[in-house]
Amino acid sequence: MRMSFGLTFRTAKGRWLVNLSRQCSHGSTGLFVPPSPPLDPEKVKELQRFITLSKRLLVMTGAGISTESGIPDYRSEKVGLYARTDRRPIQHGDFIRSAPIRQRYWARNFVGWPQFSSHQPNPAHLALSNWERLGKLYWLVTQNVDALHTKAGSQRLTELHGCMHRVLCLHCGEQTPRGVLQERFEVLNPTWSAEAHGLAPDGDVFLTEEEVQNFQVPSCARCGGPLKPDVVFFGDTVSADKVDFVHRRVKEADSLLVVGSSLQVSDLVAGGNCPFWGIGSPGEAPLLVSLFVHLESSYLALLLVQVYSGYKFILTAWEKKLPIAVLNIGPTRSDGLACLKLDSRCGELLPLIDPH
């Protein structure tokens, strides 16, 4: 794989100009998609039958649905970023306690934001949005933080890990759009310049300590408190209310489809001081695990979460005797519980299904 990366910043009449060029030996949208076998017509028919029989379908999506939009994941064999880098994500406690760490995070986030925010939904996201519009999809649960389901028009949606397109104040809880913060960065740093020192394997850029030290970070416009992306960093927790909400949606469904998620390890924490649950098959001992969840850059350099597993939602469906189908390139933790497993690209297969 071949990459070249050029990134320059300069100001012109108070406006930031970003010139970012990126060349790859593959098309950018397929760069992070692992190889898969050709579509099997019989498998397509089986999925069509599964969807046709579903009246209250719950869909759970993971990083694999967004790789076709050019956003890398960590776990895909060979092309996954976890397999190609030893970099570690930011920890919640460090971000909260250290102003210099927040400064470094936001400087790199500022550099990467134009590229990350430009990603668009692919045919898989659009297909699921269409299923919702036609009344086939009852609820959508995503482990991703890229807002691509929202861009595709999905509304019956739970973002388990939050969304990078929102920013929260750590003191008063005020929420603002990430694009607004980008404008504030530009106003505070009219003469700041940065030169990217190489492209990190996850699409981030390296900045020197000197460049970071000169970067000014705005505070909450309401109370002056520190700002944080509205996502779950390692060491933080997802609210128990959100977990309970998803469990209720699963219990109300009559079938469950997993799209682009291996469910191999935990990816969700419930509550603050909660026990850790097992992630294996029913009866296995509890296991404390860690996961790099689908990210692209330091603004997505988050989510090594010790966690209540998304697999637990699959177990809830299994215990309720719901039919479970899995669409994911490569094995998943729930393969043994599924009545149907498909190893295909999400964006190739889902648009072929008639949701009526």
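A Cβ is built for glycine as well, from the same backbone N, Cα and C atoms used for every other residue.
What you are looking at is a predicted structure, and each value in this text was computed from that prediction instead of being measured.
What TrEMBL lists as active site, proton acceptor is H161. The NAD(+) binding site annotation in TrEMBL covers 62-82, 143-146, 260-262, 328-330, C346. The feature Zn(2+) binding site is assigned by TrEMBL to C169, C172, C220, C223. Per TrEMBL, the feature domain 'Deacetylase sirtuin-type' maps to 37-356.
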Candidates H161, C169, C172, C223 (recorded positions) - the one closest to D146 (NAD(+) binding site) by CA:
H161
Using the CB centroid of C169, C172, C220, C223 as the Zn(2+) site centre, which other residues of the same chain sit with their CB within 8 A?
L170, H171, G173, E174, S219, A221, R222, G224, G225
Taking the Cβ of C220 (Zn(2+) binding site) as centre, how many other Cβ atoms lie within 10 Å?
18
Smallest Cα-Cα separation from N328 (NAD(+) binding site) among the recorded positions H161, C169, C172, C220, C223 is shown by H161
Please identify, among the recorded positions H161, C172, C220, C223, the one with the smallest Cα-Cα distance to S66 (NAD(+) binding site).
H161
Please report the Cα separation of G62 (NAD(+) binding site) and C223 (Zn(2+) binding site) in Å, rounded to an integer.
35
Separation of alpha carbons, C169 (Zn(2+) binding site) and the residue listed as 'active site, proton acceptor' (Å)
17
Which same-chain residues, if any, lie at least 6 apart from C172 (Zn(2+) binding site) yet have Cβ under 8 Å of it
C220, R222, C223, G225
On average, what pLDDT score does this prediction assign to the domain 'Deacetylase sirtuin-type' (37-356)?
82
Enumerate same-chain residues with a sequence separation of six or more from C169 (Zn(2+) binding site) and a Cβ-Cβ distance below 8 A; give 'none' if the list is empty.
Q175, C220, R222, C223, G225, P226, L227, K228
For the recorded positions S66, G70, D146, H161, C223, which one has its C-beta crowded by the most other C-beta atoms within 10 angstroms?
S66
